[in-house]
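K.L.:
Take this structure, written in C-alpha cells, and hold onto it; I'll ask about it next.
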Amino acid sequence: MSAIAPGMILIAYLCGSISSAILVCRLCGLPDPRTSGSGNPGATNVLRIGGKGAAVAVLIFDVLKGMLPVWGAYELGVSPFWLGLIAIAACLGHIWPVFFGFKGGKGVATAFGAIAPISWDLTGVMAGTWLLTVLLSGYSSLGAIVSALIAPFYVWWFKPQFTFPVSMLSCLILLRHHDNIQRLWRRQETKIWTKFKRKREKDPE
C-alpha cells in the first residue's frame, strides 16, 4: 500500500493548506488574523480577535485536517514511515499554505490531529500535558512548547515506531515558536485570557 503514499502526502499538504482561521474570520466578518492580534492565523489568535465560538471552529477544523489524511492512510495500510511523512505534510501545509501565500499558522492543532490516529492513549496524554501547562501558566504558546518537547518521549513509550516522524514534527513546531520562546524569556508573552480581562475592565456590568 506504500505505492499510494506519495499521493497521500500531496493530499495531506493540500488539506493542511486550507487555512480555517482566515476562512472563519472572513465568514464571521472578523479582521484578517494575519494582520490582526498576534498576526498568526491560528485558533489562539482568533480567540483574541473574535471570541470563543470562532476559535473553537478553527481549532476543530485544524485538528481534522491533520487527523483525516493520516487516519485514511492508516486504514489503507500505509507503513509507519509513510504515515509520519503524511503527518508532516499536513503540518507543512498549515504552516506554509499554498492557497494563502504560504503564510500560515504554527501547526500545533494540526500536529495534534495528525498524531491522534496513532494512539488514543497518546492523544489523551498529549492533550492533558497541553491543558495542564496552559492552566498553570496561562500561556498557550508554553503549552505547545512543552508538549512538543515531551511528545517524542510519549510516542517512544506508546508507539516507538513513530518516534522519528513525531520528533521531526516537534522540531518543526519548536522552530515556529521561536518568537514565542523569546517573548516568554523576556516575560513579554501575552496570556491567553488577558484579552477577556481587559474587555471586562472596559465594559463592566
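Using N, Cα and C of the backbone, Cβ positions are placed for all residues, glycine too.
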K.L.:
Checking the topology in Swiss-Prot: do THR35 and SER170 fall on a common side of the membrane?
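P.N.:
Same side, per Swiss-Prot.
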K.L.:
So which of 4-24, 53-73, 81-101, 112-132 has the most C-beta pairs under 8 Å when paired with the transmembrane segment (138-158)?
P.N.:
112-132
K.L.:
Applying the under-8 angstroms CB criterion, which one of 4-24, 53-73, 81-101 scores highest with the transmembrane segment (112-132)?
P.N.:
53-73
